[in-house]
């Protein structure tokens, strides 16, 4: 019963996507497809991997698998087309879907999971010639070492959706930051700017009231200093056009 539950929990997911055109020269070009594998099966040394393969390598893999499993009818590959158009999105999508269906069917066949060609094809960056040599023990590295050396940035559809959601949230946070004044904002003045405006206004008011303050200081400290008082009152009349506190004359009325 436990083995049955464990088998149900195991999964192998594979995606074929992201076609890219590679030009060998002016006349020759080919397309590679990204193969992403995600699994928790004990049959695979790496649980996530991502490699690129071309259509001719899929043809080679199917032939190798067929040679090592003569009693098994392997799934079909999308048919080869001598007039395949590298700029035709419909043809590329059809082939890409056919390649994914081929791999999904292969990975559901337990006998094929024991073939080292399949593992090196899916989880290493070796060429088909080196895959064949490594499977036959003709290289200085083992199959496990070749797979472990495969380093690549692995992305899966679920992760991409999460990244899009995170990006949207980040954009919203940035917008909120700008509107709240935490970012670069051209809206309402900051407290520092308001304080500066207030200080300038306060300084202007202080300068305007200085003559009155000076006059009151003289009146309170030296009432007998008539000469200094008359000088200040004349300056005040020149700048303001009237006497302080509505007073007129030579200032004697103001002192009484």
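Cβ from N, Cα, C; glycine included.
Per TrEMBL, the stretch carrying the note region 'Disordered' among 135-154, 155-174, 175-194, 195-214 is 175-194. Averaged over the domain 'PX' (11-128), the predicted model has a pLDDT of 95.
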